[in-house]
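Q: Pasting the feature list from TrEMBL:
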DOMAIN    15-291  domain 'NADP-dependent oxidoreductase'
ACT_SITE  Tyr47  active site, proton donor
SITE      Lys76  site 'Lowers pKa of active site Tyr'
BINDING   His107  substrate binding site
Amino acid sequence: MEITLNNGLKMPIMGLGVWRMEGKSIRDLLINAIKIGYRHFDCAADYQNEVEVGEALAEAFQSGLVKREDLFITTKLWNSDHGHVSEACKNSLEKLKLDYLDLYLVHFPVATKHTGVGTTGSALDDEGVLEIDTTISLETTWHAMEDLVSKGLVRSIGISNYDIFLTRDCLAYSKVKPAVNQIETHPYFQRDSLVKFCQKHGICVTSHTPLGGAAANTEWFGSVSCLDDPAIKALAEKYKKTVAQVVLRWGIQRNTVVIPKSSKLERLEENFKVFDFELTKEDMESIKNVDRKYRTNQPAKFWGVDLYA
């Protein structure tokens, strides 16, 4: 199942996020994911594992398991490289062992102090507050992203963690429209206005936290997971599916791309089995009613400043 982007290219509606995947386990996870049927992989320079992902992809190509053109590979520009977009993209391509990216995203709408291409540092001042670079505008960054398309380094470009105001601005100053806005959205943080705004203007929404972060965000940020919600648990029993499968199916039926993360083979298989059932309109509405406007991903913990305030 795919979504057609505003440039005519197709993006699988189910992907695998590689955040917090480490070391040698990445190879087995990616190879197994491809065997299960995953064709969309979501990476980022900041995840510090592009080299390992690249090695796994190269093995998959060389063994004949899959062809490059069969996969949709996304990675992201880190905050500290807004003034070095071309170099950062080429650095990611080299690590991933790829000639082109299917999608390159601006990871966060903020430029920070440059720490060296590909180092993805988040420099803090003496008070532990993120060193924000006020000399580089998001418009400047975007035009550099557009150059990557004309150079053939990337096929699509997009944004990530942009609100309605920033997305509107990007639409106004862009020559190449953003194909995707990747945001946190799940039953406890539905952001219906932002999702509908993007879709109205031809921007595909990808949910980078489709299960509400689950164990990962609970561990890092102490957040509550929508997977424990009684109403969603009841629906899982009704459809004889897991709670995660119901939540992913809800995301798909909103016409958003979902990229759940898992380091367990059984979870990879489980998350992919969401195309053999459909939630009724009434059940979609019941999930809509559990919205708490609750953000689980809180980078302020590391940056000393709440950029969402």
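Numbering starts at 1 and runs along the chain as displayed.
Quick reminder: no glycine exception, Cβ is built from N, Cα and C everywhere.
Describe the structural surroundings of these features, if you would.
A: For Lys76 (site 'Lowers pKa of active site Tyr'), the Cβ neighbour count at a 10 Å cut-off comes to 28, with all displayed protein chains included.
Neighbour density for His107 (substrate binding site): within 10 A of its CB lie 23 other CB atoms from the protein chains shown.
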Q: Measuring Cα to Cα, tell me the gap between His107 (substrate binding site) and Tyr47 (active site, proton donor) in whole angstrom.
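A: On Cα coordinates alone, these residues lie 11 Å apart.
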Q: What does the structure give for the C-alpha distance between Tyr47 (active site, proton donor) and Lys76 (site 'Lowers pKa of active site Tyr')? Integer Å is fine.
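A: For Tyr47 (active site, proton donor) versus Lys76 (site 'Lowers pKa of active site Tyr'), the Cα atoms are 10 Å apart.
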Q: By a simple count, how many Cβ atoms lie within 10 Å of the Cβ of Tyr47 (active site, proton donor), its own Cβ left out?
A: 21
